[in-house]
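Listed in TrEMBL for this protein:
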- 6-27: transmembrane segment (TRANSMEM)
- 34-55: transmembrane segment (TRANSMEM)
- 61-78: transmembrane segment (TRANSMEM)
- 90-110: transmembrane segment (TRANSMEM)
- 130-147: transmembrane segment (TRANSMEM)
- ASP183: active site (ACT_SITE)
Amino acid sequence: MVVYLDALWLLNWFADALLLWIAAIFLKKSVKWYRLAAGGLIGSASIWLMVTPIAEEAGHPVAKIMLSVLMVLAAFGFKRWKYFLVHLAAFYFSTFLTGGLLLGIHYFIQFDMQMESAVFLAELKGFGDPVSWLFVMFGLPIAFYFAKGRADEFETARLQHDQLLHVKIRINEQEFLLKGLVDTGNQLYDPISKAPVMLVSVNGLEDQLPAQILEAAENPEVLLFQEKELPEEWLEKMRLIPAQSVGKSHQLLPAFKPDFLEISNGVKTTVVSKGVVSFTTMRLSSDDQFSCILHPKMALPLSYEEVS
């Protein structure tokens, strides 16, 4: 069997550099192209070592780990052991993820389902089969696209989780402990007091709220046209908020002045003295990570740094 060593080496160089690039994407790091190329070049050295007298030693797991260490050092450098280990773990993660995807793609598109493992490995190592080239040329970009997409999703979920705030609302002797998300698109104000509005989903709060509030959350008009009467302690706290982008345009939403409103990001806590709460039946989070949407002005004190 003919072994196209130079082609195999070039392809391995490209693949190793691409794996380092995927690792950089996971880490949200900007890495120079020549550092990625240097790391890939070091990784591709394993191809040449396989035709030397030390081929058996080069294939040992310890030797492979040492080669991976050199690749990561070339691509990301070294500052602290903590960062180095994170870089190495990200590289292995991208390797296993991409390798699993490529293996799945191969077994999905292979032509001879009865092909023996030894024959397949020989063809793959020799690159005498054109399918192997197509497999790498198209499989690696697909794997890269998939891995990058998953990395972006993980990062989005992490950022959203980091932005969630702990919210405590007390109104008419009822206390609600919720998770909230600050939404810059929420620009609702009480037109009289200029108090910002917080939107709270009633899902999960049915046992704590009066039936009239639940009905008003579903259809505010039952209050506006006095089809339902609120308990007096709720009526005296009610405000009417003009809205144009919540469900319907040009409508009035009933909102209520809480007795106590506290917001915390886990480090700092602030009491919102000027704010109102509007209840809605809308599901504010598709994965139920939060149940209320805060006005940006409510969370503004959390961004201030204390100066001593």
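For all residues, glycine too, the Cβ spot is worked out from N, Cα and C.
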Point to revise | Beyond the flanks of the transmembrane segment (61-78) by at least 6 residues, Cβ under 8 Å | key: 16, 20, 23-24, 29, 31, 35-36, 38-40, 42-43, 45-46, 84, 87-88, 91-92
Practice item. Tell me the Cβ contacts of the residue listed as 'active site' under 8 Å, same chain only and six or more apart in sequence, or just say none. Key: ILE293, LEU294, PRO296
